[in-house]
Structure formats: structure tokens, C-alpha cells
Amino acid sequence: MRYIRLCIISLLATLPLAVHASPQPLEQIKQSESQLSGRVGMIEMDLASGRTLTAWRADERFPMMSTFKVVLCGAVLARVDAGDEQLERKIHYRQQDLVDYSPVSEKHLADGMTVGELCAAAITMSDNSAANLLLATVGGPAGLTAFLRQIGDNVTRLDRWETELNEALPGDARDTTTPASMAATLRKLLTSQRLSARSQRQLLQWMVDDRVAGPLIRSVLPAGWFIADKTGAAERGARGIVALLGPNNKAERIVVIYLRDTPASMAERNQQIAGIGAALIEHWQR
């Protein structure tokens, strides 16, 4: 009898961790939704197994914004692997091909850019004209959506080009994904045989080299942690990030966070995403 009581006491002693530790990131997300007066979608997924660790509105649609550029470059790399494209191929373009926010491509009107350089510009600097030039090589928005269907993503869709795809109208399914679908697609691109090992390394390196994500999860990342990410921003308060991160400089988990329909400023949106990232990391370290 005494042995049974000791077993029960030991079991009860473990319950507070099981009950109180897990919801902590979700509590942060609920607070963020309240403070933003908007919606948050999030998923934390184990990279190796694909198991969902934390989720909130993970199956609701959110604007992709510039996070689609990771998938776009994944589609480009798939064409490279198939022998239909070369990262060294030079693409020339004109002034009329440039759209708003093209910090890299606008400097190369005279000499053009290679496909690889365009992917680097699209991911590391979120260059919109670079994205459009690449999008043309995969068949436009319809071609990228077809690629998504081919790799098993039946949810994510791209319907328009930069910069119209950032309209983010309430209830509009165009140019949207769900946190769960985006995480699963990113995992396929980086771990399955959809891309060669070389192309997987290249896609990941472009994300590691992201130069416009500083105020988000990177701002709360502990020393020695790995991060590779791509951010996005759009009208009507939309903001987002797709990221791989983990301790010991190793990618272990995928984190996708999307915001929409909030009147908050960009700085406030960045702060809330950083707060959610910090909560996930703190929970991870327990």
C-alpha cells in the first residue's frame, strides 16, 4: 500500500510540468492576438519527423506575402535538378520590369543577374523584381501553384505577381497558405527527395543569409542557436515569418508565424512575432 501511495505521489509530482509547461507559447499567442486586435497563425514542427509540437490556427488561411519566395526558389532549384534550368544563366531585364522595392535588381539593369543571384536577392533582401523574374521562369503564379500540387501541397496557392499579391483582403483566398501547409512544404523541400542534397543546402543557405529579418525571431535568438528564415509583410497588418531554428547551431524545428487583419504598426507586429518566438524558445529550453 505504501508503495502504491509513493507511486501516486510521484505521478502527481510530474503533472504540473505536463499541464502548465505546454500551453505557455499558446498563452503568448493569445496575448498577441489581444494586443494586435488581429489574428495569429502559428505552427512549430519537428524537422526530422514532421510531428507538430505547437499549433494555433494552423489550418486557417493567411496571406503568404514574401514568404512565398522560399517556395519559389525551391521550384527554381527543382528545375535545376531536372536539367531545365541553370543557376548560372544570366537574365536581362528592363526598367519597366522593375516594381516597388527592388534594392538589388535595380542596380543591375545594365548587366542583368543570374538565376542564382536573383534567388539570393529574392530571399536575402526580399527583392520583388527578382521574384517576378524568377516567377516567369516557372510559369508564373499558376506554374508555382502547379509545382506545389506536384509536391503534395493542395492548400497553398499563388494567384498574382509582386506587388499585387500583398493586397491581403479579408476573406480572399488568393495568394494564401496555412501555417501547417507552409511548414509541411518547407520540410519537403529541405528533407525529402524533392530536391537534391546540393539544392537543399543552397536553399537553406539563402535563408541563413537573410538580411531583413533582424527585428523578428533573430532578435531573441540565444547565442549559439541556428536560424534560417524568410519574412513577409503586406497590407492590412499582414506580417509573417518562416524559419528553421535550433540549439547547437543545428536546424531542428520549423516555425511558421503569420499575422493578419491588425491595425498595429510594423514595429508592433515585429515585437509580437519576436515575443512568440521567445516563448517558443523558452519552452524548448525547459
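Glycine is no exception: its Cβ is also placed from the backbone N, Cα and C atoms.
As annotated by Swiss-Prot, active site, acyl-ester intermediate applies to SER66, with the evidence given as sequence analysis. Taken from Swiss-Prot, the feature active site, proton acceptor covers GLU164, and the record attributes it to similarity to another entry. Summarising the annotation, Swiss-Prot assigns substrate binding site to LYS230, THR231, GLY232. Sequence annotations record features per position, and here Swiss-Prot assigns disulfide bond to CYS73-CYS119. Sequence annotations record features per position, and here Swiss-Prot assigns signal peptide to 1-21.
Features as recorded by Swiss-Prot, highlighted on the structure.
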residue	record	Cβ contacts under 8 Å, 6 or more apart
SER66	active site, acyl-ester intermediate	SER126, ASN128, ALA131, ASN166, LYS230, THR231, GLY232, ALA233
CYS73	disulfide bond	CYS119, ALA122, ILE123, LEU134, LEU203, TRP206
GLU164	active site, proton acceptor	none
Beyond LYS230, THR231, GLY232, what residues of that chain have CB atoms within 8 A of the centre of the substrate site's CB atoms?
MET65, SER66, THR67, LYS69, VAL70, SER126, ASP210, VAL212, ALA213, ASP229, ALA233, GLY240, ILE241, VAL242
I'd like the number of other C-beta atoms within 10 A of the C-beta of LYS230 (substrate binding site), please.
26
